[in-house]
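I have placed the structure first, in the form of structure tokens, so that the comments after it can refer back to it.
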Amino acid sequence: MKPFLRWCYVATALMLAGCSNHDWRKDEVLAIPLQPTLQQEVILARMEQILASRALTDDERAQLLYERGVLYDSLGLRALARNDFSQALAIRPDMPEVFNYLGIYLTQAGNFDAAYEAFDSVLELDPTYNYARLNRGIALYYGGRFPLAQDDLQAFYQDDPNDPFRSLWLYLVEREIDPKAAVVALQQRYEKSDRGQWGWNIVEFYLGKISEKSLMERLKADATDNTSLAEHLSETDFYLGKHYLSLGDKNTASVLFKLTVANNVHNFVEHRYALLELALLGQEQDDLSESDQQ
């Protein structure tokens, strides 16, 4: 392609991309990405001192390694977190909370069978550890085992019907089984809830009760500081991304998943699985490129 023609092609593509953006994105709602706090850094330094210099019992060392792993995870330092979790488990192999984190990491890596086993271990050690049902349900969802995912997420929803995100994850799974019935079920859950939490605004968008622009206006009005804005954006951008993905608009979905990640709310489920969504979209693109070359 000649340089001038190539320039025209790129310019046209950029113009079309700009036209396809929704109006509200002209005034995009953005937060300052969350950064480690001084308190978190001080706690990490103190933990390091205790682990290095004090004689600890095995239980104390395992617990401290777990707590440091959780802190590393919240800062996005997942390799360090995994190392601490593995060390804690080597000392005390009966820690359900450690298996839960390892199951999440295995899900993010696409190693679904191993993730199922990790979450099974959580529930064997502690049948009341309900977040393992959420995380196993999500792993089953990404693994394409929708009826089993529905069972787990239904049980997790029943534990707190007023939590909008439990309804949303259950809806995402039910949509894969029967889209029309999924909308009806989401509407019923919406009507039964007290709708006191921010996330019900996202449910209203999914049900067609409000527009995307109204959703973003509510988000901006509801945020009290940068932290709450970043958290709400992580949640909202992820579920908007899932919405556009269901419509086949992978480009918009990809942008929204990247915006989810950009807020640095590392310990939110939406941040974790936005990374997986991007990996899956990237794999689709790689597969398409390979097929074009054959």
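Going from the start of the chain as shown, residues are counted 1 onward.
Every residue gets a Cβ built from N, Cα and C, even glycine.
For reference, Swiss-Prot has these:
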- Cys19: S-diacylglycerol cysteine (LIPID)
- Cys19: N-palmitoyl cysteine (LIPID)
- 62-95: repeat 'TPR 1' (REPEAT)
- 96-129: repeat 'TPR 2' (REPEAT)
- 234-267: repeat 'TPR 3' (REPEAT)
- 1-18: signal peptide (SIGNAL)
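Per DSSP, the repeat 'TPR 2' (96-129) is made up of 27 helix, 0 strand, 7 coil. Non-local neighbours of the repeat 'TPR 3' (234-267) in the same chain are 17, 20, 31, 33-35, 73-76, 165, 168, 172, 175, 198-199, 202, 205-206, 212, 215-216, 219, 273-275, 277-278, 281, 284; each lies 6+ residues outside the stretch with a CB under 8 Å from one of its CB atoms. Mean model confidence for the repeat 'TPR 1' (62-95) is a pLDDT of 98.
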